[in-house]
Amino acid sequence: MTATLERRQTASLWERFCSWITSTENRLYIGWFGVLMIPTLLTATSVFIIGFIAAPPVDIDGIREPGFRSLLYGNNIITGAIVPTSNAIGIHFYPIWEAASLDEWLYNGGPYELIVLHFFIGICAYMGREWELSYRLGMRPWIAVAFSAPVAAATAVFIIYPIGQGSFSDGMPLGISGTFNFMLVFQAEHNILMHPFHMMGVAGVFGGSLFSAMHGSLVTSSLIRERTENESANNGYKFGQEYETYNIVAAHGYFGRLIFQYASFNNSRSLHFFLALWPVVCICVTALGVSTMAFNLNGFNFNQSVVDSQGRVINTWADILNRANLGIEVMHERNAHNFPLDLASEVSLPVALNKVEING
């Protein structure tokens, strides 16, 4: 009998690293997309926290009137924000080494670009990581497809809109009150409430919430008891069990009698596909709407569009909305320009009809 001894093959450091990166046995899956995601999101998060606490004033309008938005300059959690990059920079790539000094980089709002660009790369890598993990586990790729909707929305707001407007100063400030300010200014300049793509987004968000609540309540109400009536239905499910944990026939029958028969799904796969499809499609359409409004393809304007037989204007809510838009636009960037473009281009109205004479 002959025994053969072979030298044991030892994996190189790179091979062991690759095996660890792509292993699905880790507590948290890393993956090759994770190699890109982790440093970019850590960078964006770290700079955001530091800037939110201690960033110096930023000259957002490029007119030497810096705005104070960090906590150390008297703001709180509500009013604090990372101020967008200065209008003097426009849409130029503005890393630290492009500025003459660190103080100049901070004064021109360089941290905003750093955070936004790293965040954008990070969430794209997170979406790729979702696909990668699904691929390793033999799952279908629809989780990453669903996450593409918020990625598209963030891309539209933080990347496409500033490019279309010609400056990162038009981007959304990274803070609570800054977000609301961005929404008001967006409405004033683009009339987004009258844009059909925004209406689809509203239907997606509220409709998705309604559908999720309906589905969750129906499932919870039709759980299957395991053995006896004395056992709680809440304890009936065991992780990994092969059989259904709720009775879809009962849920279908209940909802069909509550509304009408064809308002409910009798197929679990089509039901859950619809629950995923509805908000994803609507949010993607809204992102497309923001992307078109970035290049000033705005919402409908029905200002003074309803007249009587004599040509006199019949005021509608569209006229009220238009007046509100003008008012918001006048208040916005009040020191950067005297009047909004659509106000300055209007025919001037007489303020006084008769000259007032003063007899002293």
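Here the Cβ of each residue, glycine as well, is placed from N, Cα and C on the backbone.
Marked as transmembrane segment by Swiss-Prot: 29-46 (among others).
Summarising the annotation, Swiss-Prot assigns chlorophyll a ChlzD1 binding site to His118. Cβ neighbour count for His118 (chlorophyll a ChlzD1 binding site): 20 (other Cβ atoms within 10 Å of its Cβ, all protein chains included).
Under the heading transmembrane segment, Swiss-Prot lists 118-133 (among others).
Of all the Cβ atoms in the protein chains shown, 19 others lie within 10 Å of the Cβ of Tyr126 (pheophytin a binding site). According to DSSP, Tyr126 (pheophytin a binding site) is assigned to a helical segment. As annotated by Swiss-Prot, pheophytin a binding site applies to Tyr126, with the evidence given as sequence analysis.
What Swiss-Prot lists as transmembrane segment is 142-156 (among others), and the listing cites sequence analysis.
Marked as site 'Tyrosine radical intermediate' by Swiss-Prot: Tyr161. For Tyr161 (site 'Tyrosine radical intermediate'), applying a Cβ distance below 8 Å and a minimum sequence separation of six or more within one chain yields Asp170, Gly171, Val290, Ser291, Met293, Ala294.
Cβ-based neighbour count (10 Å, all protein chains) for His332 ([CaMn4O5] cluster binding site) stands at 15. DSSP assigns His332 ([CaMn4O5] cluster binding site) to coil, not to a helix or a strand. Per Swiss-Prot, the feature [CaMn4O5] cluster binding site maps to Asp170, Glu189, His332, Glu333, Asp342, Ala344; the stated evidence is sequence analysis.
For His190 (site 'Stabilizes free radical intermediate'), the same-chain residues 6+ apart in sequence whose C-beta sits under 8 angstroms from its C-beta are Met293, Asn296, Asn298, Gly299. DSSP assigns His190 (site 'Stabilizes free radical intermediate') to a helical segment in the three-state reduction. Feature annotation from Swiss-Prot assigns site 'Stabilizes free radical intermediate' to His190; the stated evidence is sequence analysis.
Residues 251, 254-255, 271, 274-275, 278-283, 285-286, 288-289, 292, 299 of the same chain lie 6+ residues outside the transmembrane segment (197-218) yet bring a C-beta within less than 8 angstroms of a C-beta in it. The feature transmembrane segment is assigned by Swiss-Prot to 197-218 (among others), with sequence analysis given as support.
Cβ neighbour count for His198 (chlorophyll a PD1 binding site) (all protein chains, 10 Å cutoff from its Cβ): 21. In the three-state DSSP scheme, His198 (chlorophyll a PD1 binding site) is classed as helix. Swiss-Prot lists His198 with the feature chlorophyll a PD1 binding site.
Look at Swiss-Prot and you will find His215, His272 tagged as Fe cation binding site. In the three-state DSSP scheme, His272 (Fe cation binding site) is classed as helix.
What Swiss-Prot lists as quinone binding site is His215, Ser264, Phe265. In three-state terms derived from DSSP, Phe265 (quinone binding site) belongs to neither a helical nor a strand segment and is classed as coil.
The transmembrane segment annotation in Swiss-Prot covers 274-288 (among others).
Counting every protein chain shown, 20 other Cβ atoms lie within 10 Å of the Cβ of Glu189 ([CaMn4O5] cluster binding site). Put simply, His118 is the one of the binding-site residues His118, Tyr126, His215, His272 whose Cα lies nearest to the Cα of Glu189 ([CaMn4O5] cluster binding site).
Ranking the binding-site residues His118, His215, Phe265 by Cα distance from Glu333 ([CaMn4O5] cluster binding site) puts His118 first. Counting only the Cα atoms, the space from His198 (chlorophyll a PD1 binding site) to His118 (chlorophyll a ChlzD1 binding site) is about 27 angstrom. For the pair Tyr126 (pheophytin a binding site) and Ser264 (quinone binding site), the C-alpha distance works out to 34 angstrom.
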